[in-house]
Amino acid sequence: MRFTKMHGLGNDYIYVNCFEETVENPSEVAKKVSDRHFGIGSDGLVLIMPSERADFKMRMFNSDGSEAEMCGNAIRCVGKYVFDRGMTNKNVIRVETLAGIKVLELTVQDGKAKLVKVDMGEPILKPENIPVNSDKEIFRTEPVEIDGKEFKVTCVSMGNPHAVSYVKNVDIFPLEKIGPKMEHHPLFPKRINAEFVEVIDRTTLKMRVWERGAGETLACGTGACAVLVASVLNGVSERKATVKLLGGDLIIEWNENNNHVYMTGPAVKVFEGEVDLNEL
């Protein structure tokens with residue numbers, strides 16, 4: 001199987017061009033190739049496929065083999081992959097995901113895609129659609145107890161579910177302890193991605209993320225979008241802000257006119273290779 005390793009802010013995936021390759025049982029393949037000791041090493045596997053509804057289709061699998069609806073960092077790399085390889089010459093690309101069709105706008109330098117702006121669509125705030133076990137109109141600054149400590153949580157879906165809470169110092173926050181307990185909290189029937197945020201100022205937010213099925217990662221694009229939306233709802237941020245993640249910065253904007261959230265950030269190719277899956 002031929003592959004390309006790429007990352008968006010250190011959120012790294014193995015990309016396979018399914019116009020040329022067939023991947024049987026992608027869930028198992030994801031587990032094998034993601035292993036950082038016995039495989040290639042990544043946060044998951046992304047398949048780039050033909051689509052009947054858009055220019056391309058993306059399927060993505062976490063390192064534990066579970067299929068995810070959408071990943072902002074991964075989809076930016078899909079945009080770079082198809083443009084740099086000449087699979088399209090368009091600067092605006094439509095990509096089908098399990099969370100709907102996403103529109104990508106590429107900034108091209110020297111014939112290569114450098115920055116990708118993604119229309120992430122409208123945030124979902126109704127608890128039943130996130131899903132959260134709550135009959136509230138929106139789940140904003142609601143108390144969630146973990147280990148006897150109360151967190152004020154705001155929930156947003158960007159095609160996948162997020163629980164956002166605020167902390168004084170995100171660098172020393174015990175994420176590896178609290179993150180998995182938030183992910184598996186009974187309030188969240190499909191588990192949840194947990195973001196912990198420090199507000200630097202009204203246009204700068206600093207976050208760490210515990211991703212459902214992957215643990216702490218260097219960056220999560222949908223998580224950064226959810227953080228911006230939650231921060232606007234909570235009155236602590238402007239509608240456009242820089243979100244600082246461990247792997248780097250994303251610029252997130254929640255447009256007032258069309259209610260869409262836009263994410264702009266880099267996409268980087270690391271290397272290409274070939275792997276015999278029977279040997280893993």
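Even glycines carry a Cβ here, placed using N, Cα and C.
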Which one of ASN160, ASN255, ASN257, ASN258 goes with ASN11, ASN62, GLY72, ASN73, ASN193, GLU211, ARG212, GLY221, THR222 at the substrate site, as Swiss-Prot has it? ASN160
Hey, how far is ASN160 (substrate binding site) from CYS71 (active site, proton donor), Cα to Cα, in Å? 9
Quiz question: given the binding-site residues ASN11, ASN160, which has the greatest number of C-beta atoms lying within 10 angstroms of its own C-beta? ASN11
Taking 8 Å from the centroid of the Cβ atoms of ASN11, ASN62, GLY72, ASN73, ASN160, ASN193, GLU211, ARG212, GLY221, THR222 as the cut-off, which other residues in that chain fall inside it around the substrate site? ALA68, MET70, CYS71, ALA74, VAL209, ALA214, THR217, CYS220, GLY223
Just checking a number: largest C-alpha distance across ASN11, ASN62, GLY72, ASN73, ASN160, ASN193, GLU211, ARG212, GLY221, THR222 for the substrate site, rounded to a whole Å. 17
So CYS71 (active site, proton donor), by the Cβ count within 10 Å over all chains shown, scores 31
